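As recorded in TrEMBL, the features of this protein are as follows:
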BINDING   Cys150, Cys153, Cys207, Cys210  Zn(2+) 1 binding site
BINDING   Cys167, Cys170, Cys193, Cys196  Zn(2+) 2 binding site
DOMAIN    6-70  domain 'J'
DOMAIN    137-219  domain 'CR-type'
REPEAT    150-157  repeat 'CXXCXGXG motif'
REPEAT    167-174  repeat 'CXXCXGXG motif'
REPEAT    193-200  repeat 'CXXCXGXG motif'
REPEAT    207-214  repeat 'CXXCXGXG motif'
ZN_FING   137-219  zinc finger
Amino acid sequence: MPEKEDLYDILGVSKDASQADIKKAYRKLSKKYHPDINDEPGAEEKFKQVSEAYETLSDEDKRAAYDRYGHAANDPNFSGGSAGGGFSGSSSFGGFEDIFDQFFGGGGNRRRDPSAPRPGDDLQYVMDLDFEEAIFGKETTIKYNRQEECDNCGGTGAKPGTSPQTCSRCGGSGSIQAERNTPFGRMMTQQTCPNCNGTGQEIKEKCSVCHGKGSTKKRHSVKVTVPAGVEDGHQMRLQNQGSAGKNRGPYGDLFIVFRVKPSDIFDRRGSEIYYNQEINIVQASLGDEIQVPTVHGKVKFKIPAGTQPNTTFRIKGKGAPKLHGNSNGDQHITVKVVVPKKLNERQSELLKEFAQEGDIGQVKEQDKQEGSFFSKFKDAFKDKD
């Protein structure tokens, strides 16, 4: 079985990289290898590797476990014990990782700085688009609520003129030693400091505006350029338009989800547009030149003589723009032949005469000429179009 690639190497960051560096690397690589953008062989697999690496390294607990045990930490059957331990990970043995750290030195456990800047939360915004707006794109300004850095304290959470202090209980580590019952008796383990909630800092005098959070809820607006060719359910990421980070970290991202309204006459499948065109029996028999609506406007289209019901034609380049290309799809026209429900006396006579001609399926070129039977037939049905 091939050896798995190191998660830090996948993202191209060092083992002591900050969360901001990890997130920056993930954004760059996920955009590069995203299947909707990159159709090269292996791009989708690389995208999965990048996503899995970020899922582990962006979570402090998962990252610490990976630093300690490598890829084995992500094995669902792995308990965090020794190689021959055979523990199932049951909650009754939840203290073994801490116990082994104390028994065997715990050299692989490098604690992160709890007061280090952390990226803010990502947000989602649902944008409704008309059918035509999704096809041609548009520019608009959206407004939404997000957490922004507090103007009063500059994001520190402390009263202006003061600053957060090192936690007096944990000494800035974000965790404390605590006694815990284990199968071996009472032992010392580590847990999140209740005084600072794991931040390593405490605020003696909190900001009167944000009450120690470092951020406040505000109405935010941003200009959005909707690309031509988006579809229902597509997402677009706007970097740094999410909520403010923790400990003055970078802003998160905003994900815009497009919800496209259906058309009354068109059906869209990717960049292809489908349309049903009604014609009468004369047009189907003799052919005709008609005006057909497309998303780009009306175009002239020739119906060939002898067109059968449900025949589909293609008009090239009259579909929707391809999202990651510089061309349009096609429009597909399915012909629906409408048979009149009522006929006047003249029309009935002509149809009977037509039936008596013999070979109903043949329409000869001379039959289309002025004064011919089919010419009279066409004139008789003009009012029925």
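The backbone N, Cα and C atoms fix where each Cβ goes, glycine too.
Known features from TrEMBL, placed on the structure.
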residue	record	contacts (Cβ under 8 Å, 6+ apart)
Cys150	Zn(2+) 1 binding site	Gly157, Cys207, Val209, Cys210, Lys213, Gly214, Ser215, Thr216
Cys153	Zn(2+) 1 binding site	Lys159, Pro160, Cys207, Val209, Cys210, Gly214
Cys167	Zn(2+) 2 binding site	Gly174, Cys193, Asn195, Cys196, Thr199, Gly200, Gln201, Glu202
Cys170	Zn(2+) 2 binding site	Ile176, Cys193, Asn195, Cys196, Gly200
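Residue counts of the zinc finger (137-219) by helix, strand and coil are 0 helix, 39 strand, 44 coil (DSSP-based). Mean pLDDT, taken over the repeat 'CXXCXGXG motif' (167-174), works out to 88 on the 0 to 100 scale. Sitting within 8 Å of the Cβ centre of Cys150, Cys153, Cys207, Cys210, and not among those site residues for Zn(2+) 1, are the Cβ atoms of Asp151, Asn152, Gly154, Gly155, Thr156, Gly157, Ala158, Lys206, Ser208, Val209, His211, Gly212, Lys213, Gly214, Ser215, Thr216.
The helix, strand and coil residue counts that DSSP assigns across the domain 'J' (6-70) are 46 helix, 0 strand, 19 coil.
A count of other CB atoms within 10 A of each Cβ picks out Cys196 as the most crowded of the binding-site residues Cys193, Cys196, Cys207, Cys210.
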